[in-house]
Amino acid sequence: MQTRKDCWNFEYSAHSICICTNFAYIIPLKSAHFLPHTTSEIHTLSKLPKIPSKICAVKEMISKMGCQLKVALLFWSLIAAIITTQRAASASIRIDFYDQTCPRAEKIIFTEMQKILQRPEFKNAPAQLLRLFFHDCFIGGCDASVLLNTGNLQDEKQAGPNLSLKGFEIINMIKEALERECPVIVSCSDILVIATRDAMILSGGPFYPVYTGRRDSKVSFLQKASLEIPSPMDHIDKILMLFAQRGFTARETVALLGGHSIGFISCAFIQPRINNDTNPDPYIGDDFKEEIRQRCEKRNSNFSMMDPQQLSSASSSSPFTSHFGTHYYESLTRRRGLLFSDMELMANEQTAAVVEEYVSDDGSTFQRDFITALVKMSNLVTLTGSQGEVRLNCSVPLNT
Ligand code: HEM
């Protein structure tokens, strides 16, 4: 098949998917056969009863959003509709797992997320959930092990890299709403993955399809989290190794780090970079040093926003909209990455080339790679079927 400039090509669920401006191809990887679809056929397909209810629900709920997003969603609906009729690549997770047992599950998650995002104290929920999702799926797969809070010092959330995680209460609130309708049916791991996706959609981020059917871990992995979640002081070789151990390529690693285009970062992680006179940070010039100083001091608090464009307009009390885009990569090319580990993407020829590629177009290459990598991360699943459990309360294992 020819690759066209206006098309996105990627592999998903044992299919090669190509989404273009006016048409889409879905090609089963193991078959030479492929199905071309024109835009009108996509419309026809979207009326098929096989379309998963959650896709319809999400479509309905975002109908007030911009045309571009609706077109993108239409394409994704097509993909999800077709994938639904096939078996998922993974043995036990699939689109619409709760179809029979809790048909409104995904609608409830979306509606709760909408309500939560309207509350000023949860304006940063998309970033908090994205980071929580990453820290959960990276260690032992997406199994909600990071949510456990048994009061035991062995909890995974006690690991150094997890101490500053936020957003736990959001998952608990959604779980409570689900428990009222379908007790002990929807796993906390599925809630975290779907809520992250929905929080991103609702704040203008990209839509991507999510499989369900994950089960919750009965244990958490303190030591593994302490050792294997990358540190902000890690060099590129270590970062690439940790991601490669989970099956991510260098390109996917660069795309995933684009998560740093939203949210906040504590000055505690940035200030050591400017205050280390014995071992000065090689990436920081005098002007940036001064900028960091001002950003951390001016706000009279201990955080700084990831997106520099937000800095001038936002205060801690004003509404804040996450802004997905390539500004994170642009900062790297100007040697203004906030973390040392971010700047390390420029220290490797391969990763630096991907950064340059992401800043060279309208952001669509990054967006495509980012959602493909997020789907891949959400499919790092170890517990399905009768393994693990479905918790009643996301912080507590069942039999305690
Ligand atoms: C080398 C890998 C990574 C390192 C060293 C790293 C480190 C960090 C650190 C130190 C913070 C600041 C936490 C705080 O101030 O409380 C942070 C924030 C964040 N990280 Fe990462 N991270 C990495 C990869 C990722 C990935 C892959 C994602 C998502 C796909 C991600 C998403 C986020 C988000 C959204 C925030 C902002 C959280 C908030 O506003 O509360 N990070 N990261």
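Placed from the backbone N, Cα and C atoms, the Cβ positions cover glycine too.
Whatever TrEMBL says is automated annotation, not expert-curated.
According to TrEMBL:
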type     : residues      : note
TRANSMEM : 71-89         : transmembrane segment
DOMAIN   : 92-398        : domain 'Plant heme peroxidase family profile'
DISULFID : Cys102-Cys182 : disulfide bond
SITE     : Arg131        : site 'Transition state stabilizer'
DISULFID : Cys137-Cys142 : disulfide bond
DISULFID : Cys188-Cys394 : disulfide bond
DISULFID : Cys267-Cys296 : disulfide bond
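Annotated features, which come from TrEMBL, shown on the structure.
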residue : record                             : DSSP (3 states)
Cys102  : disulfide bond                     : coil
Arg131  : site 'Transition state stabilizer' : helix
Cys137  : disulfide bond                     : helix
Cys142  : disulfide bond                     : coil
Cys182  : disulfide bond                     : coil
Cys188  : disulfide bond                     : helix
Cys267  : disulfide bond                     : helix
Cys296  : disulfide bond                     : helix
Cys394  : disulfide bond                     : coil
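A distance of 17 Å separates the Cα atom of Cys267 (disulfide bond) from that of Arg131 (site 'Transition state stabilizer'). Close contacts with ligand 1, defined as a Cβ under 6 Å from any of its atoms, occur at Arg131 among the recorded positions Cys102, Arg131, Cys142, Cys182, Cys394. All protein chains shown were included, and the count of other CB atoms within 10 Å of the CB of Cys267 (disulfide bond) stands at 20.
If you count neighbouring Cβ atoms within 10 Å for each of the disulfide-bonded residues Cys102, Cys142, Cys182, Cys296, Cys394, the highest count belongs to Cys142. In the shown protein chains, 20 other C-beta atoms lie within 10 A of the C-beta of Arg131 (site 'Transition state stabilizer'). Each residue contributes its Cα atom, and for Cys182 (disulfide bond) and Cys188 (disulfide bond) these two points are 13 Å apart.
Counting in whole angstrom, Arg131 (site 'Transition state stabilizer') lies 16 from Cys188 (disulfide bond) by their C-alpha atoms.
If you count neighbouring Cβ atoms within 10 Å for each of the disulfide-bonded residues Cys137, Cys188, the highest count belongs to Cys188.
The CA atom of Cys137 (disulfide bond) is located 31 Å away from the CA atom of Cys296 (disulfide bond). Looking only at Cα atoms, Cys394 (disulfide bond) sits nearest to Cys142 among the disulfide-bonded residues Cys102, Cys142, Cys296.
The separation of Cys188 (disulfide bond) from Cys142 (disulfide bond), Cα to Cα, is 10 Å.
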